[in-house]
Amino acid sequence: MRTLWIVAVLLVGVEGSLIQLGEMIFQEMGKGAAKKYGLYGCNCGMGRRGRPQDATDRCCSVHKCCYKKLTDCDPKTDRYSYSWENGDIVCGGDDPCTKEVCECDKAATICFRDNLDTYDKKYKIFPKFLCKKPEPC
């Protein structure tokens, strides 16, 4: 479990409910899958540094933009509730902010799953100085 936490921290840096995002990815994709994204491309990990290198990197870019749009919420600290129903992630709770944070994490998790075939090992630990200016959110 400690490894999962470290991987989650690498995945989104200081953004979001790291434990929950890491758990969500782990549950959706299996053991060890989350660590593939810790330093991937220009947008996975801490900061948003450039144009996405591929569809997998775009998942991280879209996730960070999703957080950025949550102006009345604090995705860095807001914890949320979610469950699995018939293989689908279901965001719960009555608080609109935490539900929106959950929806951002859910979208990222599904994006990673749906783009597994675009994952390219050459971007696994990508030098950030090669990243070009990021696209606007």
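Just so it is clear, glycine is given a Cβ too, placed from its N, Cα and C backbone atoms.
According to Swiss-Prot, the signal peptide annotation covers 1-16. Sequence annotations record features per position, and here Swiss-Prot assigns disulfide bond to Cys42-Cys131, Cys44-Cys60, Cys59-Cys111, Cys65-Cys137, Cys66-Cys104, Cys73-Cys97, Cys91-Cys102. What Swiss-Prot lists as site 'Important residue of the cationic membrane-docking site (MDoS)' is Lys121, Lys124, and the listing cites similarity to another entry. According to Swiss-Prot, the feature region 'Important for membrane-damaging activities in eukaryotes and bacteria' maps to 121-133, an assignment based on similarity to another entry. Taken from Swiss-Prot, the feature site 'Cationic membrane-docking site (MDoS)' covers Lys128, Lys133, and the record attributes it to similarity to another entry. What Swiss-Prot records for Leu130 is site 'Hydrophobic membrane-disruption site (MDiS)'.
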Cys66 (disulfide bond) and Cys73 (disulfide bond), Cα-Cα, nearest whole angstrom: 11
Cα-nearest neighbour of Lys121 (site 'Important residue of the cationic membrane-docking site (MDoS)') within the listed disulfide-bonded residues, Cys44, Cys97, Cys131: Cys44
Neighbour-count leader, CB within 10 A, recorded sites: Lys124, Lys133: Lys124
Disulfide-bonded residues (Cys42, Cys44, Cys59, Cys66, Cys137), the one with most neighbouring Cβ atoms at 10 Å: Cys44
Three-class DSSP secondary structure - Lys133 (site 'Cationic membrane-docking site (MDoS)'): coil
Whole-number Å value for how far Lys124 (site 'Important residue of the cationic membrane-docking site (MDoS)') lies from Cys44 (disulfide bond) (Cα to Cα): 10
Distance, Lys124 (site 'Important residue of the cationic membrane-docking site (MDoS)') to Cys131 (disulfide bond) (CA atoms, angstrom): 14
Between Cys137 (disulfide bond) and Cys66 (disulfide bond): CA-CA distance (Å): 8
C-alpha spacing of Cys102 (disulfide bond) relative to Lys133 (site 'Cationic membrane-docking site (MDoS)'), in angstrom: 28
Least buried by Cβ count (within 10 Å) of the recorded positions Cys60, Cys91, Cys104, Cys111, Leu130: Leu130
Candidate nearest Cys104 (disulfide bond) in space, where candidates are the recorded positions Cys42, Leu130, Cys137 and distance is Cα-Cα: Cys137
